[in-house]
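Copied over from Swiss-Prot:
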- 60-69: compositional bias 'Acidic residues' (COMPBIAS)
- 107-116: compositional bias 'Pro residues' (COMPBIAS)
- 124-133: compositional bias 'Basic and acidic residues' (COMPBIAS)
- 163-187: compositional bias 'Basic and acidic residues' (COMPBIAS)
- 227-261: compositional bias 'Basic and acidic residues' (COMPBIAS)
- 269-279: compositional bias 'Basic and acidic residues' (COMPBIAS)
- 287-304: compositional bias 'Basic and acidic residues' (COMPBIAS)
- Lys271: SUMO2 cross-link (CROSSLNK)
- Lys308: SUMO2 cross-link (CROSSLNK)
- Ser28: phosphoserine (MOD_RES)
- Ser105: phosphoserine (MOD_RES)
- Ser140: phosphoserine (MOD_RES)
- Ser141: phosphoserine (MOD_RES)
- 1-304: region 'Disordered' (REGION)
- 32-37: motif 'GPALPP motif 2' (MOTIF)
- 112-117: motif 'GPALPP motif 4' (MOTIF)
Amino acid sequence: MARDLIGPALPPGFKARGTAEDEERDPSPVAGPALPPNYKSSSSDSSDSDEDSSSLYEEGNQESEEDDSGPTARKQRKNQDDDDDDDDGFFGPALPPGFKKQDDSPPRPIIGPALPPGFIKSTQKSDKGRDDPGQQETDSSEDEDIIGPMPAKGPVNYNVTTEFEKRAQRMKEKLTKGDDDSSKPIVRESWMTELPPEMKDFGLGPRTFKRRADDTSGDRSIWTDTPADRERKAKETQEARKSSSKKDEEHILSGRDKRLAEQVSSYNESKRSESLMDIHHKKLKSKAAEDKNKPQERIPFDRDKDLKVNRFDEAQKKALIKKSRELNTRFSHGKGNMFL
């Protein structure tokens, strides 16, 4: 409002000089580039209040005009307002018609496998949670209250008769399969009948070089052999012995070797005396025959004889004699080509 003046009024055609406050309210013309449309200059609170009052006055006039023009004018005004909202914050030339306007921040290209259909990115989920945090809290509280399996979402088709029929069919299949399986022999798996592989000493073995190249362990199959396996192995050993004896018999002496052997034996009998071993055996046999014929008498106790201390038993004695007899085979001539 203009201040009430005291004194004579100015004649018509002359403009009254305003005060300092009026000069602040009325913006002076700006020298230089002006701001683009839809942008407001930073002004004081008084200018904001004046603009608010003027905008209210303009809105009232617009409403009155809309009432006068009818619904068509309202629709045009609404479309114009929407266009103004879309154009806010846009600088530069506008896109031609038919082109889609891009967002302010286009999404970055995804590096790696894409998400399957129906899944949402974590960023979108977080944005949704920020938009309505109240709804997110209610959803989480509802999920915490639920205990146990969720009810079925779709319709449940359950029939007692169909369930009984399915069960009977399963039992029938089981029985028929069992008859087929009974004819097959039951065989245990390999891990039940075989020993596991030998475990090496992880850092606990001897820290020396091997003395023998073929340092192999014995036959470990005796731990898992069944009676049938033992019988089969015994038969194999017997057959191997028979084959070795047959090979020895195959070395038949030739006629020349036989003739020379007879000549050597006749020469030894006529020219050479008996060996010490044969003489010793003859003495033992004669002594044993004399001891049998002697009458038995009471003998005083002899510790070495009666307790048989430091003496060979019969088994050791027979083994030693048998081993001594093999000296002739070890250091004698071969069975073939006896004579040069």
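Each Cβ is built from the backbone N, Cα and C atoms, and glycine gets one as well.
Regional average pLDDT for the motif 'GPALPP motif 2' (32-37) in the model is 76.
Across the motif 'GPALPP motif 4' (112-117), DSSP classifies residues as 0 helix, 0 strand, 6 coil. Within the same chain, residues 324 sit at least 6 positions outside the compositional bias 'Basic and acidic residues' (269-279) and bring their C-beta atoms closer than 8 Å to a C-beta of that stretch. The distance from the Cα of Lys308 (SUMO2 cross-link) to the Cα of Lys271 (SUMO2 cross-link) comes to 43 Å. Around the Cβ of Lys271 (SUMO2 cross-link), 7 further Cβ atoms fall within 10 Å across all displayed protein chains. Per-class residue totals from DSSP over the compositional bias 'Basic and acidic residues' (269-279), listed helix then strand then coil: 7 helix, 0 strand, 4 coil.
DSSP classifies Lys308 (SUMO2 cross-link) as coil under the three-state reduction.
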